[in-house]
Amino acid sequence: MSFSTNQQIVPALARLIVSYPKAWLVVFAVVLAVILPGLAHVRIDSTIEGFLDKDSSAIKTYDAFKANYGRDEFFLITADVSDLYDPVHLQNLQAFHHDLALNVPHVSTVDSLANARDIYADEDDLVVEELLEELPSSAEEIEALREKIDSHPLYTNSYVSEDRKTVAFVIRLVNQVAITAEDGSVEYVLVADDELKQSMAGIESAVDRHQSHFSRISIAGSPALTAELSRSMGADFGLFSGLAMLLVVVMLSLMFRRASAVVIPLVVLNLAIMATLAVMGLRGEPMQLTTTMLTSFLLAVCVGDCVHLMHSFFHQYDTGSEKTQAVEYALNHAMKALFFTTVTTAAGLASFSISDLYPVAALGIYGALGTAFGFIFTIFLVPPLFVLLPIKRRAINKTAKTPILQRAVDGLIQRCVNVAIESAYLITSIAVVLFIVCASIIPQIEFTHDAREWFKDGTPIKQAMFDVEEKMQGSMPIEVVVTTGKPNGALDPTLLARVKAFSNAAVSYDFGKVTIGNAASLADLVEETHTALVPADGALPSNAALVRQELLLVELNKAEELYRFTNDDFSELRITLIHTWSDAMHHDTVLKSIQALASQHIGDEYNIHLTGLTTILGRTFAEMLETTVKSYALAAVIIALSMMLMLRSVSLGLLSMLPNLLPIMVTLVVMHLMNAPLDMFSMLIGSIAIGLTVDDTVHFMLGFQRYHADTGDYRVAIAKTLNTYGKAMTTTTIILATSFLIYCFSEMNNLWDFGLYTSLCIVLALLSDLILAPAIMAIRHGKPLISFGSVAA
């Protein structure tokens, strides 16, 4: 947009807005009446499946797996016992198991020693029953139970720890729940946050009832972690929204000291935020952990537009202009800059829309949409309200004492003017050296994703996750599905022998930071059955017909045990590997090793694929590296192009990127030096900050161009720009930085880091635009020789 175009379009639009204020209010009232009902459909989703788009191939494969076998993730509850074989403890174990099975909502299965499968032959019959179907009462029966538990390879690390001091209860939820509508129709929906919370509450109630019977009870597993994330997310959402609102009220009151400057922008901005959330609801998009910060983020970002607009309006209005003239002046003065700041902020956010992680992509999409809404609502609603509502003119008292905050800002601006002009070459040289140093360090930064570390030390769920891992050697499943392509293909003894060999290899393989604690498959069930029927024979039957006959006996006794590991026509089988929790960035390496082991031991003639939540997370976060680099690059390119277009200069547009990129690079290096993790949330700092920090550069560059065109003196242009735009830039930075510091009140470490380092980046960006950007302009237009304090004054 050139200056000549700006002189035609912007004034015409400003006159149109001022001339028909009521019409604009009616238009927006109609639009909001259509959009806002979408708020009723906003829901929260913190499930791990929500990390990927529901149409992705990984999710479709996982959905097919769940349709056959149910959910792979599980609650893992551990209970410490002093003597496992004490009859009282066995009775308590059985009672706790039954309580969980009967009283926890949405339960599909509960597995423990109480109902662990016990297969044995009774003369010519095969018996498949629960291990504690009858509690032992004599010393002989207790000793027999001890021998069964010690001899069964799948009990250890599944239902009891190696030292026999801890018992485990594995709870899997149903895949779908029935929802009855008002008209009586029934709809089946996937288990989501509400159902997860209900199940977690039921488990906690059961734990409370049985706590006294055990030394200690811990609730762990990925669903428990997800439920706690959802609980914390809900608490943070309300807290951050309230604190951000309070902060904006305080800052606007201090800045403008009049009610209209607080109430009008606050109402308008909240309408813009509500419209953004309503669009999410209308599109069926859930609120996730990243998008919970959307409200306070948009409130902080969009208030900057209002600050610049109101600063121009009240200055003109208080100095004697008519209200409509003051409003029109403010629009003419601020609209172009606000447009470009909106474009750059939205571009920085939208760059993450290409992410394979859905929560990150959603923040990019709806953050950009909300930023655009904020600009549109500010331009088309705030001025009409100023025109229509009675606003008192405040007389300017030149003898009144300047407020301390304003004096501090004025002093900062004065020093920045002098330093930027007098030491332009030194400042720019330091910035270039710093840029090079940061560029050499940033490649050393490693990505991470460990949801346990999101919680503060001492949090019950975090402590439970670590305790369970230590005692049970794993709480996360990896599902290996072997498809033969023909009915009864999974009953081939050769295949079953290979599956058994693969399971043994996986448990003993050194995966580095991940340990496979247990493996279970159809081969184990066949082996148990055959050993019970023919103790003197080998571990597995010699032909498929015998395998089918023996499994038929299992099916007649307890069919659910059989179909845990195979499908209806026995064309495929499932191998479940239980592994220790680790950083998700390690999962991809582990998955590749498991795939290679499976191909080596089972053979390439079968279709072998890995699925489950661990597989989804591992492959997704491995791709996150490439996606993040693309997002940063895309944001930088879009913003650079916007700056070139705005400034009508390729070289100047490129030069303007230095004060924008340097604060982000310095922040990343500080995070690295402070051992702050670069995870799904902290990696957003760069893209969000580049959109926010470039706002200051836009205002400075446009202001400098305007004043330089008027005066022809770059020194005067720098001084006037910083003494006008610089004050508003400083004020909005204070609001933005303190708004992101709100996240330091979060219960979660990752949001604490996000708030702290984003605030740091924004403050560094302000200093960069108050010192480095003017220094670049001073060098570009000629080296200064004297101090210009008098000019700045």
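Note: Cβ is positioned from N, Cα and C throughout, glycine not excepted.
Summarising the annotation, TrEMBL assigns domain 'SSD' to 259-388 (among others).
The domain 'SSD' feature in TrEMBL is assigned to 652-779 (among others). Taken through DSSP, the domain 'SSD' (652-779) splits into 111 helix, 2 strand, 15 coil.
According to TrEMBL, the feature transmembrane segment maps to 23-42 (among others).
Annotated transmembrane segment per TrEMBL: 237-256 (among others), in sequence order. Sequence-distant neighbours of the transmembrane segment (237-256) (same chain, 6+ residues past either end, Cβ-Cβ under 8 Å): 262, 265-266, 269, 287, 292-293, 295-296, 299-300, 303, 307, 310, 314, 403, 405, 731, 734-735, 738-739, 742-743, 745-746.
Here TrEMBL flags 262-282 (among others) as transmembrane segment.
What TrEMBL lists as transmembrane segment is 294-314 (among others).
Summarising the annotation, TrEMBL assigns transmembrane segment to 365-391 (among others).
Residues or ranges marked as transmembrane segment in TrEMBL: 424-442 (among others).
Same-chain neighbours of the transmembrane segment (629-647): 1, 340, 343-344, 347-348, 350-352, 354-355, 364, 653-654, 656-657, 660-661, 686-687, 690-691, 694, 697-698, 701-702, 705, counting only residues six or more beyond its ends whose CB sits under 8 Å from a CB of the stretch. According to TrEMBL, the feature transmembrane segment maps to 629-647 (among others).
Residues annotated as transmembrane segment in TrEMBL: 654-674 (among others).
Here TrEMBL flags 680-704 (among others) as transmembrane segment. Sequence-distant neighbours of the transmembrane segment (680-704) (same chain, 6+ residues past either end, Cβ-Cβ under 8 Å): 289-290, 297, 301, 304, 308, 336-337, 340-341, 344-349, 351-352, 357, 359-360, 363-364, 367, 371, 447, 449, 624, 628, 631-632, 635-636, 639, 643, 646-647, 652, 656, 659-661, 663-664, 667-668, 671, 714, 717-718, 720-722, 724-726, 728-729, 732-733, 736, 750-751, 753-754, 757-758, 761-762, 765-766, 768-769, 773-774, 777.
Same-chain neighbours of the transmembrane segment (725-743): 240, 243-244, 247-248, 251, 255, 293, 296-297, 299-301, 303-304, 307-308, 311, 409-410, 412-413, 416, 692, 695-696, 699-700, 703, 751-752, 754-756, 758-759, 762-763, 765-766, 769-770, counting only residues six or more beyond its ends whose CB sits under 8 Å from a CB of the stretch. Here TrEMBL flags 725-743 (among others) as transmembrane segment.
When Cβ-Cβ distances below 8 Å are used as the criterion, the transmembrane segment (755-779) is approached by residues 412-413, 416-417, 419-421, 423-425, 427-428, 431, 655-656, 658-660, 662-664, 666-667, 670-671, 676, 682, 685, 688-689, 692-693, 696-697, 700-701, 704, 714-715, 717-718, 721-722, 726, 729-730, 733, 736-738, 740-744, 746 of the same chain, each at least six residues removed from its ends. Feature annotation from TrEMBL assigns transmembrane segment to 755-779 (among others).
For the transmembrane segment (365-391), the partner stretch with the most Cβ pairs below 8 Å, chosen from 23-42, 262-282, 294-314, 424-442, 654-674, is 262-282.
Confidence across the domain 'SSD' (259-388), taken as the mean pLDDT and rounded to a whole number, stands at 85. Taken through DSSP, the domain 'SSD' (259-388) splits into 114 helix, 1 strand, 15 coil.
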